């Protein structure tokens, strides 16, 4: 994915903060005539979601490439086993890859270039504030994930995928933990590296997570399930193939989420 051409937001006319590199004032205190925080967050989330859905390169990474992976695995029969269609394994894996696409890769690249152009720092001084900005980004990831699940799940069902009904709740929990962990990792990368480095690293890691990270293809390499990608893939396969909870992968995801959030709070810088 290439850098966004025109970073911005619904509140882009904000004044620029004075302290470079540091977290600006939260900006969540009531301003005269300001809408409630929840309304501001929803507007920001709607803006970011609409921007992502109108960006062809983001759609390529978040929807088109995961769909191509799903169809490719189905057509080639790479994951087929006696008595079981490869779709049963492929769809959960592609859903895991889709989470990484929207929560990590897209978030890191967009946020990195917003940081470069001082959009993040400017927005933090508006009534939206730092809390509202992060919440808006998180809600945007959730909205994109719902679109991804609907599209990928719909194509999977059309191809003959039949998930275990008992696994719907564990799958939702896995998706939520995965989205939270990868969003925090994406923000950590965007807030600590130069945007060009963020662009390269986010794209490279997406490829590695998809190819050897235990998402689309279950991995027998020791330690892969300790990665957030491997844990997410394993948890979704356990849920949607076997209809079961996967306590260890879910615990791994929760730990990654906690560590990534703590690291982002500690090292994220709003300006280069």
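Cβ atoms here come from the backbone N, Cα and C positions, even for glycine.
The annotation domain 'ABC-2 type transporter transmembrane' is assigned in TrEMBL to 53-217.
The region 'Disordered' annotation in TrEMBL covers 1-32.
Residues or ranges marked as transmembrane segment by TrEMBL: 59-79 (among others).
If you look up TrEMBL, you'll see 91-113 (among others) marked as transmembrane segment. Counting same-chain residues at least six beyond the ends of the transmembrane segment (91-113), those with a Cβ under 8 angstroms from any Cβ of the stretch are 1, 3-4, 7, 48, 52, 58, 61-63, 65-67, 69-70, 73, 120, 137, 141, 144-145, 148-149, 152-153, 156, 161, 163, 171, 175, 178-183, 185-187, 189-191, 193-195, 198-199, 201-203, 205-206, 209-210, 215-218, 229, 232-233, 236-237, 239-241.
What TrEMBL records for 167-190 (among others) is transmembrane segment.
Annotation comment: TrEMBL describes 197-217 (among others) as transmembrane segment.
As annotated by TrEMBL, transmembrane segment applies to 244-268 (among others).
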Per Cβ pairs under 8 Å, the stretch of 167-190, 197-217, 244-268 packing most closely against the transmembrane segment (59-79): 197-217
Contact set, same chain, for the transmembrane segment (167-190): CB under 8 Å, 6 or more residues outside the stretch: 92, 95-96, 99-100, 102-112, 115, 134, 137-138, 141-142, 145, 149, 198, 201-202, 228, 231-232, 235-236, 238-246, 249-250, 253-254, 256-257, 260-261, 263-264, 267-268
